[in-house]
Amino acid sequence: MSKPVVAIVGRPNVGKSTIFNRIAKQRIAIVEDEPGVTRDRLYAPAEWLGHVFSLIDTGGIDIDDAPLMTQIVAQAQIAMEEADVIVFIVSNPEGVTDADEHIAQMLYKTDTPVVLAVNKADNPEQRQEIYDFYSLGLGDPYPISGVQGTGLGDLLDAVVAKFPQHQDTPEDASVHFSVIGRPNVGKSSLVNALLGKERVIVSDIQGTTRDAIDSRFQDENGQEFTIIDTAGIRKRGKIWENTEKYAVLRAQSAIERSDVVLVVLNAEEGIREQDKHVAGLAHEAGRGVIIVVNKWDTIHKDTHSMQQFTDAIRTEFQYLDYAPIVFVSAKSTQRVNTLPALIQKVAENHERRISSSVLNDVLLRAISVTPTPTINGKRLRVYYMTQVKSGPPTFVAFVNNPDLVHFSFQRFLVNQLRAAFDFSGTPIVIIPRQRK
Ligand code: GDP
Ligand code: GDP
């Protein structure tokens, strides 16, 4: 379940984000160019020769107005705390700088393995000139070029060789969910309310430090749940904890390990710009999503309040039209007990698989009632549909010409699927492909 985490550290301008973007896997755009969906990534899934891992660019975590050294120290600390392997990047043309030495000294103190990469070694001569970097005392320097992509293979070989040995952890069948939202919406209160209501399981499973901060509980039906990153939700008083970028990183790392994400809003304050940012993260990751409107106790309610809030959510988060909305109060625990069953249902829908025969019955019925679109005199034909994966449900539609499948037709297919099967809470991905 838990993938190794690789963090990139180094002073500004050595090429961290260039390397990050080279190594990070392209994300699958569920819907392209949605407003409100974040584009700047600090955290991304990655893969090298069958090893899957998560990649963090600590350079993106900046603490407002703090001096350079404070920033670098905080970034290195985050890496030491979060990562299984640290990639320390320096720059060949500039040689070893004071800031590099400072970072190296911090890294001596950690047990986390460090791989030293010398970037901007763009040609064979420069790749020969890396011996100065042995003075950093971090072993062999790996010459790389972020702009050309050279040397990354050797670097990644060295990185994956340092991954922790696979431990045989018992199969974990619990539903994993995370609770995300901007500061003060009531995430920790909600987690406490959930843990207060349900039977908390004290787990003696040995895990890594990062696993140890999850909380496990069982609902009244015996279904087990794991709340991801409970310690990240409860603050520990580190200086970088209040930066938005760090919060985003934390949220992304929690989402990555979740089946279902609870996006928490604050009824008292309404919907803010930052809420859209947070919701966009959940949507992009392709997880199940539930929108939880917290602090419902603070609203002077009349018969329309819930409908009005629902309408506002549907307008502001159009891409999350599949997410159920729940109105709760973590303070009075009102309706908090409805959450576990809903989380379980969304997790099931997220993993749902439909057989091809049933799927094609639905498809044939749909296109017999509604003709497929014609574009420039060419009619789209859909021959066959098959589900290629779940989590989220992903369907390939074999067509005469994928260019004829526009957004509105994808939307039509998704709506047909939602009408025929219970996919509430989960995004659905449709991939048009030319029939050979
Ligand atoms: P960061 O601040 O460490 O994230 O650095 P960036 O990735 O933003 O890169 C800083 C600058 O170095 C940019 O202008 C990059 O285009 C440049 N750069 C990154 N990698 C290389 C490289 O391998 N060779 C050269 N010549 N320039 C690079
Ligand atoms: P977090 O930053 O998202 O983890 O938010 P907290 O759980 O720390 O809550 C922020 C503040 O909102 C605290 O003062 C809580 O007591 C308060 N709060 C949380 N949930 C509710 C609620 O349902 N109703 C009311 N009235 N206050 C709440």
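Note that Cβ sites are derived from N, Cα and C of the backbone, with glycine treated the same way.
Annotated GTP 1 binding site per TrEMBL: 10-17, 57-61, 119-122, in sequence order. For Ala121 (GTP 1 binding site), the Cβ neighbour count at a 10 Å cut-off comes to 25, with all displayed protein chains included.
Annotated GTP 2 binding site per TrEMBL: 181-188, 229-233, 294-297, in sequence order. The secondary structure of Lys187 (GTP 2 binding site), as reduced to three states from DSSP, is helical. In the structure as shown, the Cβ atom of Lys187 (GTP 2 binding site) sits within 10 Å of 24 other Cβ atoms.
Residues annotated as domain 'EngA-type G' in TrEMBL: 4-167 (among others).
Positions annotated as domain 'EngA-type G' by TrEMBL: 175-351 (among others).
According to its DSSP assignment, Ala121 (GTP 1 binding site) is coil. Sequence-distant contacts of Asn13 (GTP 1 binding site), defined by Cβ-Cβ distance under 8 angstroms and a gap of at least six in the same chain, are Ser91. Looking only at Cα atoms, Lys187 (GTP 2 binding site) sits nearest to Ile61 among the binding-site residues Gly10, Lys16, Thr58, Ile61, Ala121. Not a single one of the binding-site residues among Asn13, Ala121, Thr230, Trp296 has a C-beta coming within less than 6 Å of an atom of ligand 2.
A Cβ distance below 6 Å to any atom of ligand 1 is met, among the binding-site residues Asn13, Lys16, Lys187, by Asn13, Lys16.
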